[in-house]
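According to TrEMBL, the protein carries these features:
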| type | residues | note |
| --- | --- | --- |
| DOMAIN | 4-168 | domain 'EngA-type G' |
| BINDING | 10-17, 57-61, 120-123 | GTP 1 binding site |
| DOMAIN | 176-350 | domain 'EngA-type G' |
| BINDING | 182-189, 229-233, 294-297 | GTP 2 binding site |
| REGION | 433-453 | region 'Disordered' |
Amino acid sequence: MSMPKVAIVGRPNVGKSSIFNWLAGRRIAIVDDYEGVTRDRMTTLIEHEGNFFELIDTGGMGVVDSDDLTADVEAQIEVAIAMADVILFVVDIRTGLMPLDSLVAERLRSVDRPIVLLANKADHDNLDISAEEFHKLGRGHLICVSAEQKRHRDELMQLIVDRLPPSSDRAVDAHMKFAIVGRRNVGKSTFVNSLAQAKRMIVSEVAGTTRDSVDVNFELDGHQFTAIDTPGLRRRRSVRTDLDYYGMHRAQRSIRRADVTLMFFDASEKISKVDKQLVGYIADEYKPCVFVVNKWDLYHDEMPTERWVKYLRSQFPTMQYAPIAFITGQTGKNIKALLNHSQMLFKQARERTSTGRLNRIVQAAIEHQEPPMFQNRRPKIYYATQVSTEPPTIVLMCNDPKGFAPDYRRFLLSVLRDNLPFSEVPIKMYLQKREQRDPIGPPEVDQENESVS
């Protein structure tokens, strides 16, 4: 099951980033007194009494950005709301109920997920009575908190955990959805058309859940698939941006909906800035991805597969794990193999590994290469656990996350990739400080190996 997500929303300057930092236990988001400081979604892993979830901070709803990023901020908010299992709606108890609070409440009216209404900046009990007016918003369970005074954190955390969906509610869909993305004229439409012509495929087109995409449902060898077809992207001849903004927005929504992304390239074209931005977004969303080189039959003499593989690896160094497929959409060559490989990625992203096996791998890695000293002490990893799938998410409980240098983190991630059944899909790895009250037990290894150090 994927990691539960909790989004913080509200009008500008109510203390959303302060709430985010307070619950995270450290400063991650920038906090300032003027509107529009938080423009992008920020996420962090939160653990409370053995329950893990991702906390998402967003820009202020209704913000007017001096850098003209209003549309981008609004889009980020919409994404956070769409992803969230629980929503924290933050208001400011000191300023009282404001017109923008009512507008935010109206935006949340159609959201069918649990909402907790946070009256922030309630630094002492005398202010709590002022929160009564927020009941007029009619959205969520009301609790008075103070990020600055660290007031009522445990009560808030329990409210969140109580509202997280149980595993049984986050049911796993049996059939794979894959997004087809890329620049214009790379052969996406030809590829989709070939799905209809391939043998043993039953294909139908239906309107997608977004206005700008088409879902193509088909069956191959007894397996159900949904292809999410998106319009191609083009460079925009504008001083302000290199991309057609709305085209990118459509592609992003399709990527988020998909289980696997097929990133199309034209064998006759060089990698473009649009390609890199699309791949960057796929990576940011931790989606399994296949690099698909289309029209390969026309240009394989000029650019053999070995050179294409080397070229793609050099252009996308953080996506070394992504498999590469060479197809001919016009004739259907290698399309069935591509779909079969995509199905393998779909299964990899849903794999779970035992805690015992995971800890033996981490322990062996540390014995092979200890983490470098940090401030005259060696960082320790006590145990590891997989907390979710899609993407596979590993938490390493340690004494000090800051003590692990980026190079060592990359080493650990490569060891996990090499030794776990996630070799071709993105892996999330968190280093989490183990608190004294941490209720999770030791790893499932021999008793004398209680800590991996």
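Think of each number as a place in line: the chain as shown, counted from 1.
Note that Cβ sites are derived from N, Cα and C of the backbone, with glycine treated the same way.
In TrEMBL, annotation is done automatically, which means it is predicted and not curated.
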Most crowded position, judged by CB atoms within 10 A, among Lys16, Lys188 as binding-site residues: Lys16
Entry from the binding-site residues list Gly10, Gly182 having the most other CB atoms no farther than 10 A: Gly10
Pairwise CA distance, Trp296 (GTP 2 binding site) versus Thr58 (GTP 1 binding site), rounded so that it is a whole Å: 42
Lowest local Cβ density among Asn13, Thr58, Asn185, Thr230, which the record lists as binding-site residues, within 10 Å: Asn185
Of the binding-site residues listed as Gly10, Asn13, Lys16, Thr58, Ala122, the one whose CA lies nearest the CA of Gly182 (GTP 2 binding site): Thr58
Using Cα positions only, nearest of the binding-site residues to Thr230 (GTP 2 binding site) (Gly10, Asn13, Lys16, Thr58, Ala122): Thr58
Proximal but sequence-remote residues of the same chain as Ala122 (GTP 1 binding site) (Cβ under 8 Å, at least 6 apart): Ile93, Asp128, Ser130, Ala131, Cys144, Val145, Ser146, Arg151
Alpha-carbon spacing, Asn185 (GTP 2 binding site) to Asn13 (GTP 1 binding site), which is rounded to whole Å: 44
Local confidence of the prediction over the domain 'EngA-type G' (176-350), expressed as mean pLDDT: 81
Spatial neighbour of Lys188 (GTP 2 binding site) that is closest, considering only the binding-site residues Gly10, Asn13, Lys16, Thr58 and their CA atoms: Thr58
For Trp296 (GTP 2 binding site): DSSP state (helix, strand, coil): helix
